[in-house]
Each structure stands twice: as C-alpha cells, then as structure tokens.
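Let me begin by presenting the structure, written as structure tokens, before commenting on it.
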Amino acid sequence: MGSDDAVTRVFDAVAATAPEVRGNLAGRRSYLDAENPSGESVLDADVYADDLLEERLTAVDGVGAYASEEREDVVEVGEGLSVTCDPLDGSSNLKPNNTMGTIVGVYDAPLPAAGRDLVAAAFVLYGPITTMAVARDGTPTEYLVTGDGTREELRDVELPDDPVVYGFGGRVPDWPADFESYAREVESELKLRYGGAMIGDVNQVLTYGGVFAYPALESNPNGKLRLQFEGTPIGYIVEAAGGASSDGERSLLDVEPTELHQRTPVYVGNREFVDRLEAALA
Ligand code: AHM
Ligand code: MG
C-alpha cells in the first residue's frame, strides 16, 4: 500500500479520535505534578490526549514512528511514515474553557525531520464546531469533523488578499526592540485577535488574512513554540494556503532540526507581512 493511502489513514484516525478527545476533557482540567520535555506544566488532558493519539496513530498501517510535545522520545513501531503531534495545543485554555487544537505533521523521514520532509500536515480546531484543516500537495482543505469522527469537506483554505487580523504572543517588555517596532506598525494596520492557542489564532489568520507571531524573546531567542510539533506543520499549512512562514530569517520549512524538542520563533501569514517582518529583523 502506498504512502498516500497511509496519509489518508492517519488523518482519518485523527478525525476519528477528535470527538473522543473533545468528549473527555471535562474532568481533566487540573495540572499534574509533572513537566513535559519543554519544562512546562502538564494538564491531565495533555497526557490523556497524547496517550490516545499515540495508541491510535501507531496502530495505523504505514506509520513507523510517533513523537509528541508531551513525551521525551520517539516511539518507533516499524517501517513507515513519522507522525508528530501537539496533542492539545493551547491547553492552558482548558481552564477558562477556550479554544484549543491538535496539530499533526506527517514526515517521510526519521525524526527529528525538516519541514521539507513533510508530506502532509493537519490541525483539528476544537472551537464551537470541530473542524480540521488538512494540507497535502496543494491547497489545504477544511473539513467538518462530525460527532462520530468522520470528516466532511467544507472548503478550500486560501489566505484572503486583504489582511485583517494579527496576534502576537509573549510579553511586550520581553520583545526585542526590532520586533516591537514591527508590531507597532502592524497594530496600526490590523485588528488584534489573540486567544492564546496557536491553532485558534492561526485559523483567524487563515480565515481573515493577517499575521500570527510567537516571536523571539529577550529571555529566549528561540521563542516558545516547538519547531517539530508546532512550527513546521503550521508553516506547511500556511504556505499551502498561499501564505508565508518564517523563523525570522527563512521559511520554517527550511530550518534543519538538531533536536526533537527544539524551540523556534514562529511568524506566519500573508507574505507581505512576513517579508516586512524579516526585513525588520534583518
Ligand atoms: P502548548 O502547546 O503547551 O499549549 O503551548 C503552545 C501555546 C500556543 O498555542 C500559543 O500560541 C502559546 O502557547 C501561548 O503562549 P502564552 O500563554 O505565553 O501566550
Ligand atoms: Mg502547542
């Protein structure tokens, strides 16, 4: 069976798992006495979603490895595609009951792997409606994920030409001066939309046009987000939608990873805004 079929099976499995993840969050809103490999506090729900996705995705015929933001090492199960997950992106939004997502990257290479090794990427958005965006060769498609875990095609996702919204993470005093100057320009042109879950914030950009950033910080020049689990798959989806991605200097897809859990600044959105960002930081 070809890897194309395996990619479809991966995304079918993600869609099938999404209602179960969503349906079991209610009792899992408290922090455990544990940290993930990035040194962040972990919710009961993070571990639950990671365990469930690991079980379902490693069972997919054609998947050879699974890795996630919530576990130190790659789980090797044989020959095949490498699947990465951020099982619950923006899980600090669970306490206030706000938007979260699941991010999936499918690489035809051993992990850690570069964005150029991606064959497809997707995210699930647990908004008022559960939707899923899937990018593989060409324009991404948005699906409705039904309660029984099947996906129904909704639309092609293409960044609108006239950008409307922006959302930038981190604390302003922690922003480098060149990013702050750029932010001041952007905030005079676009409307602020920041919800604290990258998937929710990026989906605003994919819907209305604009720019999302979790920038390099004074306290951490690599920012907060993880390259393998967040930056690369999102860069792939935004580029497929006609936009651009950057780590400040180059496309996120051109960054060569050295460690599975390495962090990266993330800038994605309409090309004009990403180009201006790169010029501002140069
Ligand atoms: P998580 O995957 O552990 O939830 O962390 C990633 C999230 C992103 O979704 C979001 O852009 C960022 O962290 C928000 O961070 P902050 O709370 O610092 O604004
Ligand atoms: Mg995340």
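Glycine is treated like the rest: Cβ placed from N, Cα and C.
Residues D86, D89 are given by TrEMBL as Mg(2+) 2 binders; from E218, E230, E239, E249, that same site also lists E230. Site annotation for Mg(2+) 1 in TrEMBL covers D86, L88, and the matching candidate from E69, E70, E72 is E69. Highlighted here are the binding-site residues (D86, L88, D89, S91, K224, E230) whose C-beta falls below 6 Å from ligand 2: D86, D89, E230, in sequence order. Looking only at the binding-site residues S92, Y194, K224, E230, the one with its C-alpha closest to D86 (Mg(2+) 1 binding site) is E230.
The two recorded residues, L88 (Mg(2+) 1 binding site) and E230 (Mg(2+) 2 binding site), have Cα atoms 11 Å apart.
Candidate binding-site residues: E69, D86, D89, S92, K224. Fewest other C-beta atoms within 10 angstroms, S92. According to its DSSP assignment, K224 (substrate binding site) is coil. Local packing around the binding-site residues L88, S91, Y194, E230 was summarised as the count of other Cβ atoms within 10 Å of each Cβ; on this measure the leading residue is L88.
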